[in-house]
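In TrEMBL this protein carries:
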- A:12-34: transmembrane segment (TRANSMEM)
- A:41-63: transmembrane segment (TRANSMEM)
- A:83-106: transmembrane segment (TRANSMEM)
- A:113-131: transmembrane segment (TRANSMEM)
- A:163-183: transmembrane segment (TRANSMEM)
- A:213-239: transmembrane segment (TRANSMEM)
- A:251-273: transmembrane segment (TRANSMEM)
- A:285-305: transmembrane segment (TRANSMEM)
Amino acid sequence: MKNGMPEPLGFTLPRAIFFAIFVIFVIVAPTFLYPIFLMKIYCFIIFALGYNLLLGYTGLMSFGHAAFFGMGGYLCGHAATDWGLPFELAVLTGTIFSTALGYLFAKIAIRRTGIYFAMITLALAQMVYFICLQAPFTGGEDGIQAVPRGSILGLIDLRNDTALYWTMAVIVLAMIMLVNRIVHSPFGQVLRAIRNNPVRAKSLGFDVDRFKVVSFALSAGVAGFAGALKTVIFGIATLTDVSTVTSTEVVLINLVGGIGTIFGPVVGSFVILSLEHFLAPYGPWVLFIQGIVFMVFVLVFRQGIVGGLQKVLRKQL
Amino acid sequence: MRQTLLAAGAVLLFAAAPAMSEIKIGYLADLSGATSVLTGESGLRAVEMAIADAGGMINGEEIDLLTADHLGKPDVGLGVAREWLDTESVNLILNADHSAVALAISELIADKDVIFLANAVSSRMTNESCKPNQLAMLMDSYGLARGITKPLVEAGRDSWFFIEVDYAFGHDLGSTGAAAVEEAGGNVVGSVRHSPQTTDFSSFLLEAQSRGAQTIGLATFGSYQIAIAKQAQEFGLDIPLAPFFLGITDIKAAGLENVQNISGAIQFYWDYNDETRAFAKRFQEVYDRPPTFTNAMLYEFTRHYLKAIATVGSTDASDVRAWMGENPVALIDGSTATIREDGRVLRPMYAYTTKTPDESTGDWDYLTISGSLEPELTALPLDQSKCALVQ
């Protein structure tokens, strides 16, 4: 609330303009881009938003977020296929499970900081990967196949790609608003205080560990939600989503977009997934170019695209 | 007015008639990961050869070949295939050499006007997950397990030990192999599972030795087989190995001295007869090694498909599929294969023994073919199938 300007839902004017631009993009995009591809990007935007909550705003680096993304997908797929739950409940199952898993991870991992924290999350995620490879309900390397899409409350039939697209569009926009609200709330301020100086936050009387755990669980829950939605869109839940490749991808998305910015995950997801999508015919070049992109951003452009823009405009995005 | 309406109607009818539109083939493969050496780009060359042999066009229509890498990720593969169907209306999807990718596409194409050749070893492709327009030419885990064990048991090697890779593919291969051994009158003295991270197999080999196994079945693939073969060689283990999934590229990578005197079965070998040698010679003009079995299959399948659309005169998937099933598939070695209702292509396998470095005349001269196995031996009998098309 600097300068006494009102910030409805945590939106300052620049952020509101950015959001409006994205809304327009979401509306016109399906006319020139393939809707399924866009929906996949939206899933990764949600995933990256959740991750950014942890890395960008709490200052905790997790290398194991694929565990939440993947498990959200598996649980959603299992709930929809084997338990016959409808769309909403299946997605909810995945989200709740991932939140709980995140809480558990956080309880163990926050005992250490920095590189040790990252390594613990990586190790736990590898354990989850192993469980997914072996547990009977995940279908091993074949994954869960033919997950029904279902409908929203029996009203909107999601088997129709157009209906699913608009559902996803609303969800991704709502998630951006939600994360923006969380970040620019008193709770979000405490998180940023912890990121900037945990010792000072503690001396001010905040229970740092508790805030970290809540932030981690929240972040995991958002990741699980994204994973569950991805399962609904593609009708599959597979090992890719719990693998370290996915964990690194979400770090890369945030790095390219801009860590600690609301719109970084949005821009980053578009860049990284477009590379993967449009370079698919060129085989090995995808990985090669992703590597180059990573290096360029780490070496010369560490604030990422939105972070750089923020510096030029001198506004918080 | 009425005449204009009629004319407009005629134009509409004409436009809707199933004339042959452009023929589009989508080649979706692992171009960068673990299986890219065996198939990947070389498979694409084989498909291109088949198209070139057909003159690049069928009934005056150009054949368009699209390529994409699924990166071993089912969502990427599925996304590409879906986009090909929705925006390019491809007529044939080839390869998908990854079980999860192939199974995902299998669900996608269920009610679409497209033929899908699934080159995954999962036996589900022609079993639980069979589809009317889905075909499988690559030997599945059922066929591999039986094709490799039964002839060896019949040749007198009757006590077996299995080393399986610890996930569904390995479990499946191991249990089918064990059942085939017992069916042929042999016995299984033990089995172990190795995790995908294992690099040291010595304790498994010693266990096999202490149990008195006469043959070690390797229900695993790629680098694991090579590592096991090398370590067995280093130990001086005199129990013969039976790898289930050894291609000439694996032998090249391992070095022939490490895998000499191994017996097994393979689905195509370039140095089998004059026809295969002629094909290999042509293939080597476009790629720097002889064709592997997957390369050969892609060529044979594409050729059969192009013949089908040329004769049927349309790309309508169900008509083309019917023709493909009614007519024998011409194989490179001069023999023929048939296609069953469940989509399985019944083709023979060759029994082989690897040469010693002294017998080999150079690169790629690795196998001595000792006979062929009838396809009935290796295909799941239809009365045991869970495929809805044959119930």
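Glycine residues also receive a Cβ, built from the backbone N, Cα and C atoms like all the rest.
Where the annotation comes from TrEMBL, it is an automatic prediction and has not been curated.
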Would the transmembrane segment (A:12-34) and the transmembrane segment (A:251-273) count as touching if the test is at least 3 Cβ pairs under 8 Å, pairs 6 or more apart? yes
Against which stretches of its own chain does the transmembrane segment (A:41-63) lie, if we need a Cβ under 8 Å and a gap of at least six residues from its ends? 69, 105, 109-110, 114, 117-119, 121-122, 125, 168-169, 171-172, 175-176, 179, 182-183, 188, 191-192, 194-196, 198, 211-212, 215-216, 218-223, 225-227, 229-230, 233, 244, 247-251, 253-254, 257, 259-261, 264-266, 268-270, 272-273
Could you tell me whether the transmembrane segment (A:285-305) and the transmembrane segment (A:163-183) have 3+ CB pairs under 8 A, leaving out pairs under 6 positions apart? no
Short question: most Cβ pairs under 8 Å with the transmembrane segment (A:285-305), which of A:83-106, A:113-131, A:213-239, A:251-273? A:251-273
At a C-beta cut-off of under 8 Å, are there same-chain residues at least 6 beyond the transmembrane segment (A:251-273) that contact it? List them, or none. 15, 18, 22, 37, 40-41, 44-45, 48-49, 51-52, 55-57, 63, 176, 179-180, 183, 195, 290, 293-294, 297-298, 303-310, 316-317
Do any residues, 6 or more residues outside the transmembrane segment (A:113-131), come within under 8 Å Cβ-to-Cβ of it, and if so which ones? 60-67, 70-71, 101, 105, 138, 198, 239, 242-244, 247
